[in-house]
Amino acid sequence: MEEDKKQRRQGHPLLRGGGARKEPYTHGFSATQMMALTAVCGALVPSLPPDGHHLAADKAVRDFFLASAADPPVPDEVAQLMSAMCLREALTLVRTVLWLLGTRLGTLALCGARCLSWSSPFVQRFAEMPVDRREDALRRWSRETMLPPLRLFFLLVKVFCLYVFYSWTDDNSENPHWRAIGYSPPTDEPTEQEDQANTKRPLDDGVVETIHQTDASLPTSLAEKGLAVTEDAARNVCRIECDVVIVGSGCGGGVAAAVLAGAGHKVVVIEKGSYFTARDYTSIEGPSMSQLYEYGGFVSTLSGSGLLLAGSTVGGGSAVNWSACIKTPDSVRKEWAAAHGLPLFGKPEYTAAMDVVFKRLGVTSGCKEEGLQNKVLRKGCEKLEYKVEPVSRNSSEGHYCGSCGYGCRTGDKRGTDTTWLVDAVARGAVILTGCKAEKLLFTDAAGARGKRCVGVVATSSNPAITRKLEVRAKVTVAAGGSLLTPVLLRGSGLKNPHIGKNLHLHPIAMAWGYFPPDKMPELKGKMYEGGIITSLHKVEAAVDGLPHRAILETPLMGVAAAGTQFPWVSGRDMKERMLNYGRTVHIFSLVRDRGSGTVHGERRIAYHLDPVDRENQREGLRRALRILVAAGATEVGTHRSDGQRLRCKGATDEEVEEFLNGVTGVRGPQSKSENWSLCCTAHQMGSCRMGATAGDGAVDARGESWEAERLYVCDGSVLPSAVGVNPMITIQSVAYCLATGIAEQLKRGPSSGRNHSTD
């Protein structure tokens with residue numbers, strides 16, 4: 001029993017962290033490049049003598065100041081992570097700059113007089129420069145406007161270096177700097193109900209994890225789940241027959257699987273991520289991000305101005321989101337019904353669908369105890385007489401978990417992996433994990449669309465499975481999310497101009513405030529404890545009747561994420577910031593973006609903030625700072641690259657207003673502005689939007705492709721525009737309606753024709 005408890009605390013091997021690397025590095029950086037990279041890392045996080053009150057601090061704090069990111073294994077881990085996660089052009093930029101910094105002439109060109117010395121050979125390579133001069137060079141690159149690639153280089157190395165420094169763990173799943181910071185991953189145990197069910201995972205009756213299979217074993221495993229399987233050795237194909245194949249298991253795919261399996265159809269769900277349950281999760285940031293998010297959370301826009309978080313595991317985003325459950329606003333429903341010609345959103349059926357979703361997720365409206373960040377948001381709003389609203393969650397009212405973004409260790413949060421997919425498996429659905437859909441299969445058809453989708457070709461990430469998986473079905477549902485569904489459709493030959501367009505992201509900007517632990521006994525705890533989003537404030541428009549300008553909520557921000565997001569102005573300043581991490585409260589300003597972006601391909605995402613969206617973002621940011629000041633923060637600021645901040649003690653109202661007037665919306669690193677910041681988002685919508693006609697959207701009002709019969713889209717990409725609130729409930733409700741329509745169409749059979757109504 002004790003061994004079982006120990007194993008449960010350790011979690012799944014993939015989620016524990018690595019310790020010493022057991023295999024050689026494969027990053028391919030040369031010795032010269034690694035010497036330069038080590039020097040850059042050592043300037044970003046230098047070894048510093050403790051000063052002032054830190055001299056009397058405990059050994060962990062003194063060791064923290066003495067530690068450097070130049071120490072092994074950080075530089076090699078940074079190179080390895082960049083080689084795996086960077087876009088090819090970004091990696092080329094990094095390699096090129098590092099090569100230049102490994103030469104005297106290149107260092108002179110990039111660092112100027114900072115690399116000059118009075119002794120021969122008079123020009124130093126970057127690695128030979130004193131650390132203070134290297135820091136000065138980094139500050140110059142951060143402000144560089146004439147050579148944007150140099151600023152982008154600074155951003156890339158800063159993000160990856162700080163991330164590795166604060167996320168790397170040893171064989172005991174611990175980071176040597178966490179104790180100084182006062183951080184440790186939560187150790188919540190599964191609930192009693194979850195614990196009793198641990199002998200059998202919720203989806204075991206239907207899941208086939210291809211990572212544990214081979215070419216020889218897979219057909220048998222599939223047949224045992226009730227699937228008709230044919231092996232075609234000549235084509236190196238394993239052919240699977242079913243009624244419905246669904247690509248993706250998240251908010252859209254999970255709901256569609258439950259509805260269609262419940263209607264009596266044999267459903268196969270293809271999921272490229274892995275299957276984890278509550279007992280697997282560790283809340284350790286590095287490995288959790290690597291296994292549960294698309295590209296480990298390092299998906300960026302092509303300009304480098306935005307970081308996009310998207311779930312990549314069984315349950316998709318619902319397995320890692322922050323529990324907020326908000327129904328589609330009435331104003332948005334009216335807009336979609338009227339302006340977009342989509343009557344569904346004005347009908348009682350859609351209202352009923354939202355109620356069904358709320359019930360299945362066990363949504364609760366109360367919160368027994370809020371965490372520090374939400375207490376601050378509420379306190380500041382109440383002091384300023386701003387309206388603050390509770391946020392419903394798909395968990396119990398007593399759920400006090402601040403790490404659900406790394407998977408809910410208690411099993412209290414109810415994602416599709418513990419709700420809709422459980423329903424689907426109970427009705428015979430099969431879930432293939434570790435499989436990536438590569439291409440849709442089509443055949444000619446006599447109808448107006450000219451062709452019919454008959455399935456999908458997928459490949460396993462397991463090298464032991466060399467055969468393609470050809471899943472043949474009466475209906476195919478694409479539900480890979482707004483970043484990947486358009487890639488699948490476009491890569492399969494579909495040409496509707498709306499595929500990949502109209503991408504909305506709910507761009508956010510962060511404000512922060514520091515609350516010393518010994519000053520405010522009513523504000524106990526640390527920023528990573530308690531429910532992530534339990535309250536919100538809407539920044540209303542100046543004119544009554546217009547939509548709100550922004551929503552203010554609080555984020556999950558792990559210690560490594562904080563290192564990447566905090567502005568870097570010096571090595572000492574960054575270490576001081578990180579020591580305050582646990583009591584640095586963040587509030588973000590989220591806007592319902594009017595502007596949109598384009599998905600050009602996998603990880604090829606273009607997005608630029610609309611001027612109106614930027615101004616709304618700014619107003620939200622200013623309001624967030626006011627709230628933090630009112631709640632009693634001793635210092636507030638933004639994530640702007642110059643370290644924009646205000647010390648609140650003794651500040652006059654005029655000084656506060658002057659500071660707020662200097663706050664700007666997000667401008668990315670490739671802007672012409674000297675000061676810049678990153679735009680982060682965890683919501684993606686609209687890249688295959690519904691339309692009343694083929695000229696209005698990529699799919700019709702039933703989610704069916706305008707170009708191919710029996711091909712449907714059931715995920716956030718079908719939303720006509722941004723929702724303006726957390727989209728989970730909207731996506732699940734839309735998927736419920738669309739899947740219900742698909743079930744009705746299958747019931748009518750192919751003879752029913754293609755003249756059905758699309759409202």
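Backbone N, Cα and C define each Cβ position, glycine as well.
Going by TrEMBL, these are the annotated features:
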type     : residues : note
ACT_SITE : HIS683   : active site, proton acceptor
BINDING  : 242-257  : FAD binding site
DOMAIN   : 243-276  : domain 'FAD-dependent oxidoreductase 2 FAD-binding'
DOMAIN   : 289-507  : domain 'Glucose-methanol-choline oxidoreductase N-terminal'
DOMAIN   : 604-735  : domain 'Glucose-methanol-choline oxidoreductase C-terminal'
REGION   : 1-23     : region 'Disordered'
REGION   : 179-202  : region 'Disordered'
TRANSMEM : 149-168  : transmembrane segment
- Please determine which of the binding-site residues listed here (CYS242, VAL244, ILE246, ALA256) has the lowest count of neighbouring CB atoms within 10 Å. CYS242
- Message: A 10 Å Cβ contact count, applied to the binding-site residues GLY248, GLY250, GLY254: which residue has the minimum?
- Response: GLY248
- Message: Going by a 10 angstroms cut-off between Cβ atoms, which of the recorded positions GLY252, HIS683 has the sparsest surroundings?
- Response: HIS683
- Work out how many Å separate ALA256 (FAD binding site) and HIS683 (active site, proton acceptor) at their Cα atoms, rounded off. 20
- the domain 'Glucose-methanol-choline oxidoreductase C-terminal' (604-735), counted residue by residue under DSSP: helix, strand, coil: 41 helix, 22 strand, 69 coil
- Query: Do you know offhand how many angstrom separate VAL244 (FAD binding site) and HIS683 (active site, proton acceptor) by C-alpha?
  - Reply: 27
- What Cα-Cα separation, expressed in whole Å, is found between GLY252 (FAD binding site) and HIS683 (active site, proton acceptor)? 14
- Task: Name the one residue among CYS242, GLY250, GLY254 whose Cα is closest in three-dimensional space to that of HIS683 (active site, proton acceptor); these are the binding-site residues.
- Result: GLY250
- Message: With helix taken as DSSP H, G or I, strand as E or B and everything else coil, how many residues of the domain 'FAD-dependent oxidoreductase 2 FAD-binding' (243-276) land in each class?
- Response: 12 helix, 9 strand, 13 coil
- Which value does the mean pLDDT take for the domain 'FAD-dependent oxidoreductase 2 FAD-binding' (243-276) in this predicted structure? 99
